[in-house]
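The feature xanthine binding site is assigned by TrEMBL to LEU20, ASN27, LYS156. The annotation 5-phospho-alpha-D-ribose 1-diphosphate binding site is assigned in TrEMBL to ALA128, ASN129, GLY130, GLN131, ALA132.
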Amino acid sequence: MKLLEDRIRQDGTVLPGNVLKVDNFLNHQIDPQLMDQMGAEFARKFANMGITKVLTVESSGIAPAVMAGLHLHVPVIFARKHKSLTLTDNLYTAKVYSYTKQVNNDISIDRRFLDASDRVLIIDDFLANGQAVQGLFDIAETAGIAVAGVGVVIEKRFQKGHQLVEDAGVPLVALASIASFEDGQVVFAQD
Ligand code: G4P
């Protein structure tokens, strides 16, 4: 998506450790117009696939997921990383390992919001090592629901997540695909 690539070139900063800082439009300050256009793009790419719900993980996945849900006209569910006061025991849970923080986190979704007849679209802001997506795959498997696709705003193609989704045989859409970082600059994948 050219608009997004231009924005990454303009406002993204490459930090040590192959981390792209995009907190002035994606995951701290949010540009709602850009989010809206990205939601529309996800909806176009995943049209007519029988998607009934969008799934994501809090917190940075929520904004693009809501916009995708808005354009697909389906509800959006975010897995929680922390126990909520109102979350009961009736949960699907999965472990998500964070390579950046080197900790295991539990994510959970209330069983009431997933139904065996659901076909879900997983949306997230970044696809890096794919651990968040793997956690949602695990929950989908436990709940017996189909995953119709994975949509990410930015994928770092050189990390494990891209392959993980491909190996699962699930269609993957990345609105911006980063092949590498070279001399502090972003190099986008060509295809
Ligand atoms: P994974 O989900 O693909 O496995 O991500 P990984 O463990 O490698 O990274 C952990 C966290 O760091 C994830 O957010 C992920 O979105 C984020 N992340 C990975 N690479 C980048 C990057 O280049 N730039 C930025 N800005 N973030 C990156 P999280 O801990 O789940 O945080 P949040 O959703 O609560 O913000």
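Every residue, even glycine, has its Cβ placed from backbone N, Cα and C.
What TrEMBL annotates, mapped onto the structure for a quick look.
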residue: LEU20; record: xanthine binding site; CB count, 10 Å: 19
residue: ASN27; record: xanthine binding site; CB count, 10 Å: 18
residue: ALA128; record: 5-phospho-alpha-D-ribose 1-diphosphate binding site; CB count, 10 Å: 23
residue: ASN129; record: 5-phospho-alpha-D-ribose 1-diphosphate binding site; CB count, 10 Å: 17
residue: GLY130; record: 5-phospho-alpha-D-ribose 1-diphosphate binding site; CB count, 10 Å: 24
residue: GLN131; record: 5-phospho-alpha-D-ribose 1-diphosphate binding site; CB count, 10 Å: 23
residue: ALA132; record: 5-phospho-alpha-D-ribose 1-diphosphate binding site; CB count, 10 Å: 28
residue: LYS156; record: xanthine binding site; CB count, 10 Å: 25
Rounded to the nearest angstrom, how far is the Cα of ASN27 (xanthine binding site) from the Cα of GLY130 (5-phospho-alpha-D-ribose 1-diphosphate binding site)?
17
Which one is it, among the binding-site residues ALA128, ASN129, GLN131, ALA132, that lies nearest to LYS156 (xanthine binding site) by Cα separation?
ALA128
Spatial separation of LEU20 (xanthine binding site) from ASN129 (5-phospho-alpha-D-ribose 1-diphosphate binding site) - C-alpha basis, Å:
14
Between any two of LEU20, ASN27, LYS156, the residues recorded as binding xanthine, what is the biggest Cα to Cα distance in Å?
16
